[in-house]
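What TrEMBL lists as transmembrane segment is 21-43. What TrEMBL records for 335-430 is domain 'UDP-glucose/GDP-mannose dehydrogenase C-terminal'.
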Ligand code: SAJ
């Protein structure tokens with residue numbers, strides 16, 4: 001057996017008998033659940049994060065990730081199976097390391113690879129023969145081979161022989177009651193067949209289904225296809241909403257009826273735009289990479305144009321609705337319901353609600369918000385606090401604008417107390433007529449105060 005295959009067999013055995021030490025870089029909504037799955041599989045896990053606050057709270061048996069109970073962290077720390085650290089040299093103890101750090105986009109929508117490069121350099125400083133390194137952060141095709149591999153080879157290691165490198169996209173959906181890290185199929189693409197074999201064995205130790213693909217580029221593109229698919233289809237359905245508005249057709253009725261087709265159709269719903277740290281951003285990694293190859297990604301660009309136009313569409317709906325009752329936006333009192341980027345969560349990142357609020361305030365409106373999951377949020381260095389949902393607040397508002405349709409809000413009460421309600425999420429479809437004039441996202445056959 002050659003030295004290289006001996007190295008690979010030794011690593012495979014350490015994975016198989018759980019004597020291997022697993023490193024996870026980045027203990028956020030991706031890294032911490034992954035670390036806990038490796039602990040659950042029987043490994044000793046070293047979690048490395050640059051945040052002392054995160055490391056300290058984890059070592060104190062607490063959690064900052066909703067999907068990971070504090071009791072699970074506490075048990076992992078108490079058993080000695082998990083340690084969180086800011087000390088880079090602890091990575092030198094690891095036989096395999098997964099990188100789960102942020103990959104934000106710059107203001108000009110260029111990938112900001114600083115976190116990935118920092119992690120790659122830390123690993124390179126601590127790397128040793130017989131190490132497997134897997135990048136999980138969403139990124140453009142080519143990152144693993146162009147940024148990660150050279151830094152590891154600079155140590156004199158040979159990928160596929162004494163170091164094994166792969167990409168495996170994260171598919172964490174925070175708060176998903178059905179799919180968590182363990183039961184969500186995991187795609188793995190290695191730089192060489194030996195890299196695929198090792199990375200596949202690594203993830204098969206703790207994840208139910210592992211799907212090998214032939215290269216890191218294929219794995220990188222899998223993730224981008226998944227989320228570009230969503231962004232493009234949301235863009236399509238938002239444009240259908242605009243068409244329905246011009247046709248005077250109820251877009252929700254059309255979508256619900258189309259969704260009765262048992263094959264060849266997948267339901268998406270229009271709204272005030274798209275938020276979160278995945279869908280608005282991920283497609284732009286692909287667009288950026290293709291620009292370097294002089295190729296224009298027309299679907300991505302058009303979907304982005306339509307989706308990012310939706311906040312302005314909503315603001316125009318509000319302006320038109322106020323105009324119908326002889327009010328100007330300037331000086332109007334508006335209450336936005338729901339600022340999180342999607343229902344029943346507390347994350348406001350990239351939320352279209354923030355755009356709607358900004359645009360309304362730029363037109364001179366006085367805007368307050370209520371969100372049962374978000375009491376306050378910081379934007380441009382200042383904190384914005386929400387208000388309680390009271391009859392007085394609903395009566396105070398010249399218009400109430402539903403942006404995020406949290407299930408726990410009593411929308412019948414809103415319809416009964418408000419005078420004007422702009423409904424961008426179709427929350428009023430099945431309600432009894434109340435005091436409020438209802439303005440749908442897209443014109444329907446619904447009369448004011450009635451239901452379609
Ligand atoms: N949105 C619409 N219409 C839709 C679906 C979504 O307007 O039909 C909006 C949402 O309101 C939100 C944005 O798009 O503002 C993104 O929504 P999302 O449902 O895609 O939720 P995310 O951003 O949390 O996406 C994540 C992704 N998961 C991963 O990247 C691992 C995505 O691939 C999942 O499909 C999605 O969760 C999910 O299904 O929950």
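The count begins at 1 with the first shown residue.
Using the three backbone atoms N, Cα and C, a Cβ is placed for every residue, glycine included.
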Mind checking which residues of the chain, 6+ beyond the ends of the transmembrane segment (21-43), have their Cβ under 8 Å from one of its Cβ atoms?
49, 51, 54-55, 58, 63-65, 67-68, 72-73, 76, 81-82, 84, 90-91, 93-102, 115, 119, 122-123, 136-137, 170, 172, 174, 180-182, 202, 205-207
What counts of helix, strand and coil residues does DSSP assign across the domain 'UDP-glucose/GDP-mannose dehydrogenase C-terminal' (335-430)?
24 helix, 24 strand, 48 coil
Averaged over the domain 'UDP-glucose/GDP-mannose dehydrogenase C-terminal' (335-430), what pLDDT does the prediction give?
96
